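Down below is the structure, laid out as structure tokens.
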Amino acid sequence: MVIKDSEFEDSLNYALLRGDMGTNWDTDKDERMMNGTLDPDLVQRAKERAIRAQLNSADGDTCELHDQFYRDHKLLLVLFRGLAVMPILRSSPGRITFDWRSWASIYAYCFYVVSTIIVLIVGYERLKILQDTKKFDEYIYGILFVIFLVPHFWIPFVGWGVAKHVAVYKTMWGAFQVRYYRVTGTNLQFPYLKILIVMFSVGCLVCAIVFLLSLSILLEGFALWHTSAYYHIITMLNMNSALWYINCRGIRVASSSLSDRFRKDVAIECTAAMISQYRFLWLNLSELLQALGNAYARTYSTYCLFMFANITIAIYGALSEVIDHGFGFSFKEIGLIVDTVYCSTLLFIFCDCSHNATLQVAQGVQDTLLGINLLKVDLPTQKEIDLFIQAIEMNPAIVSLKGYAEVNRELLTASIATIAIYLIVLLQFKLSLISQQMPIELMETIKQGQKGL
């Protein structure tokens, strides 16, 4: 459910008509500031709030003016569109949309057809190598290369299929920033975000090239021309990690800014109307956090499964090399270690960013609410404080992939535990194969030696 602009309007109007604020301020009557019973600063603040209350977060031009988050991370969305992963467009001021017949979608179809041809050619070569492989361990390495081609085929499902939900989520950011300005009187800013976007965009491309070239050099049978099918796939995986980090960082910055403004406003005037406005604004932010997980549920569910499979197979391959040849650290082992570190890093970023974002959503606001001296505020204000605390308790800050999994550090530890279990099972198969291949004479020698001991 999305908070409608009309509901937000009703909440703010209700807050503005509270008895402790009096009637709506008329900005033409400056003599109110000369009344000795009123604080001129508070009167001015009330006038400014009345002016800001005229802004409508459903208006596209207003959203375009205040949507700093979109302007800062626009480059990353352009790169996703260039890779034909997420063909969403800024079709009108303040609105991000998705249309199956838009020029971005048509470009995505064409790009996908061309890249699919390349992937199928390379995939056919990889399967031929896989069929000619006799050794069990070499077969495992071949499977690893084939698995890296799988993300290409789920792009229509996890990219285009969720584009409509992602467009709604991105549009929600514009409405939230207008509402943030209406309540706090300041525009939401994201320090250094644009610089980080440029660094991440360049870094995603460079990391993909370095990663694939290192695997081509270190692993046998991975020809250089085969890397042509993997560049857009690895870049997409890197950019998915960067996009998740940027979204979580945006939530974290918005939470921190909201809590700072709330603490400053409470120190100036602690009224029921003001707390009511912040309560509804915080609920909007909490909804934004939940919408993040729901919009990208397909994308990052498959993302986690892919990382999980790659880490398991890569670690198993490295351990198999150690069992067969000792701790010599051949090029093959180093290549598998590079693959393990790469996938583990992306999985850690995904889980850790969500954990840090959820910590920030409620912590600062809750500390401010609990620090208010209830003996110094009136009864309506006390009720609003209780309602705010109840709202925080009933809307826990979690990132859920549509209920399939909660993204936090517990997901990381659970993944490590599951990978360890699979590795134990695979290594048992490995050791059983080694024991079956040992000569009978050697087995007899070992048994005689054990009897002698």
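Just so it is clear, glycine is given a Cβ too, placed from its N, Cα and C backbone atoms.
Any TrEMBL annotation is an automated prediction that lacks curation.
Residues or ranges marked as transmembrane segment in TrEMBL: 104-127, 139-160, 195-217, 229-246, 300-319, 411-429.
Recorded stretches compared: 104-127, 195-217, 229-246, 300-319; the one with the most Cβ pairs under 8 Å to the transmembrane segment (411-429) is 300-319. Beyond its flanks by at least six residues, the transmembrane segment (229-246) meets 73, 76, 79-80, 83, 85, 115, 118-119, 121-123, 148-149, 151-152, 155, 193, 196-197, 200-201, 203-205, 207-209, 211-212, 296, 299-300, 303, 306, 346, 349-350, 353-354 of its own chain at Cβ-Cβ distances under 8 Å. For the transmembrane segment (139-160), the partner stretch with the highest count of Cβ pairs under 8 angstroms, out of 104-127, 195-217, 300-319, is 300-319.
Within the chain, the transmembrane segment (104-127) has long-range Cβ neighbours (under 8 A, six or more residues past its boundaries) at 81, 83-85, 87-89, 98, 142, 145-146, 149, 152-153, 155-156, 160, 223, 225-226, 228-230, 232. For the transmembrane segment (195-217), the list of distant contacts is 72-73, 75-76, 79, 223-224, 226-227, 230-231, 234-235, 238-239, 242, 245-246, 249, 331, 335, 338-339, 342: same-chain residues at least six beyond its ends, Cβ to Cβ under 8 Å.
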